[in-house]
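Novice: Once you've had a glance at the structure underneath, I'll fire off some questions.
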Amino acid sequence: MPLGERGGWERSESRYCGVETDFSDDVPSLLSFNISTGGFDYVLAPLMNPSYRPSLMEGKGSETQVLPVSGSDLVLAPSQWSSHVVGKVSSWIDLDSEDEVLRMDSETTLKQEIAWATHLSLQACLLPTPKGTSCANYARCVNQILQGLTTLQLWLRVPLVKSDDATSEGLVRRLINTDSWELWNSFRLLCEHDSKLSVALDVMSTLPSETSLGRWMGESVRAAIISTDSFLTNARGYPCLSKRHQKLIAGFFDHATQVVVSGKPVHNLPKASDSNTEGTQRHPLRSYLDYVAYLFQKMEPLPEQERIELGYRDFLQAPLQPLMDNLEAQTYETFERDSTKYIQVCCYQRAVAKALVDRVPDEKASELTTVLMVVGAGRGPLVRASLQAAEETNRKLKVYAVEKNPNAVVTLHNLVKLEGWEGIVTIISCDMRFWNASEKADILVSELLGSFGDNELSPECLDGAQRFLKPDGISIPSSYTSFIQPVTATKLYNDVKAHKDLAHFETPYVVKLHSVARLAPSQSVFTFTHPNFSTKANNQRYKKLQFNLPSDAGSSLVHGFAGYFDSVLYKDVHLGIEPTTATPNMFSWFPIFFPLRKPVEVHPGSPLEVHFWRCCGSSKVWYEWSVSSPTPTPMHNTNGRSYWVGL
């Protein structure tokens, strides 16, 4: 039974909770006890009798021997195997053992068990933790298996520990000289970042630092296995988790990670709780499940906008080509719903209102008419915001709405008639760069910003349009700056890699970032200011940046860079998506993602040095980027060979 129904969370995979069990050759009873009686959604169960060793079968008529699996495939319906069982590969296997017999037995058994799991149509199978820091042979064998899988997912079990954490837990002692993230990273790199390989984290009673834990939010963590001895005891004698554990589990819930309860009960519950309302014996781990369900039900319901955007989480989209292509009505509709950007107490309406008041003093408000030009008027939201600002400030306004898209111009004409703006608004069907205005503007208003600020050619467009702005005229926006930050983004990297070509690794994508780990604060890249009447104006840019990752985070893998922008519309009115200053409740822009062809591993104390270029040609603008330290990467998108924005 799912953990609960919460607003926006009912579609999340994290609402399912599993339980780790011992080997049983009576799978129907195992499911009945743990699912029907216990209330868990699935079992994490061994597929093979743990005493089985292939070498012991040799010479004993092995060709007639039956593998000691947990039961025939016929004991459950295919849908039950698929929905209620996650296979658990034998924990004794050690493919990197010095003992050749054990090593060969391990490889044979691993392949037999995965073959059996595939036959059963299981959705996932748990691989045991590597026995030491060297796991090359284990990874080689798993990589061979991955090449033949279609739907089965493999979860590598990894303890959630870091080398500087003081602990004496048995499994960790064998890995004490390594950060377990590095163990996972080494394994997945040997397996070529295969998207069918994920990680299942063993959550210990002691947790690493917050920054160290943050790395995992960008990894493909499918399960968090919590041992019963990691639970504390509350005042009533029931299991509970520390505040730090609660925060971690909430983060896992938010990233579609499922919780698995493992171990024997270690809490002495009140006698009355030993049986349920029907008088039958309660599952011994039911109180742990109830607590996990309580944490899930405590999650804040997702805001309405977040629910709308769920389908866009970590979904790669190509940026718009605003000059080459005309936007469709549905795209305009999406942007126009963003009331924060255009109206209310924020952004464009407030910026225009401040500019009008500065431009025309109160004593001349009834005499002077301000000429305002909206360049790139679309279907009219900036026109409406400007007129509302004029009404709010009691200023007289004359508006030119300049728009190159002939389809949007039709909508503009209808809007002017509907609103009765005929004497105020003049519609110009023309590219702003080529229009010869009959008079100069006091205020030039535009919304040509992309996710990276200048990536939809706002500088080029406004350079062409500013010729009809008065020398003392005001541009809204007056400036904008792009930002980048390094991220771990396994899902995004795998989605790009799935295309199996160079072009997709050299294309920046618009994406609602979710399953990413932001590894360092963002830094500014390029800034553009308007109007720019300099005779030496040049929109080409170059910036070298150095990021220092927190020393207590441990090593991290950089899959690419998240890009944002922040703009000054007018004076103290700003608009942007840079995380530390982002305009609240605005959804017009998702961040941009610049992938790296080969991910870069960064170790503590080793700075990450990255270079970004904005290049301009006669017919296009493009970005190039590369990393020079700690490991040089190839130059990305040289000469705009894979991605450009057409002029």
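For all residues, glycine too, the Cβ spot is worked out from N, Cα and C.
What TrEMBL records for this protein is below:
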type     : residues                                       : note
DOMAIN   : 39-298                                         : domain 'PRMT5 TIM barrel'
DOMAIN   : 305-476                                        : domain 'PRMT5 arginine-N-methyltransferase'
BINDING  : Tyr332, Lys341, Tyr342, Glu403, Asp431, Met432 : S-adenosyl-L-methionine binding site
SITE     : Phe335                                         : site 'Critical for specifying symmetric addition of methyl groups'
ACT_SITE : Glu447                                         : active site, proton donor/acceptor
ACT_SITE : Glu456                                         : active site, proton donor/acceptor
DOMAIN   : 479-645                                        : domain 'PRMT5 oligomerisation'
Novice: Would you mind ranking the recorded positions Glu403, Asp431, Glu447 by how many other Cβ atoms sit within 10 Å of each Cβ and giving me the lowest?
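Specialist: Lowest Cβ count within 10 Å among the recorded positions (Glu403, Asp431, Glu447) is Asp431.
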Novice: Could you pull the average pLDDT for the domain 'PRMT5 TIM barrel' (39-298)?
Specialist: 89
Novice: Among Glu403, Asp431, Met432, Glu447, these being the recorded positions, pick the one whose CA is nearest to that of Glu456 (active site, proton donor/acceptor).
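Specialist: Of all the candidates listed, Glu447 is nearest in space.
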Novice: How far is it from Asp431 (S-adenosyl-L-methionine binding site) to Glu447 (active site, proton donor/acceptor), counting Cα to Cα, in Å?
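Specialist: The separation of the Cα atoms works out to 14 Å.
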Novice: Around the Cβ of Met432 (S-adenosyl-L-methionine binding site), how many other Cβ atoms lie within 10 Å? Please give the count over every shown protein chain.
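Specialist: Taking every protein chain into account, the count is 25.
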Novice: Work out how many Å separate Met432 (S-adenosyl-L-methionine binding site) and Glu447 (active site, proton donor/acceptor) at their Cα atoms, rounded off.
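Specialist: Roughly 13 Å, rounded to the nearest whole number.
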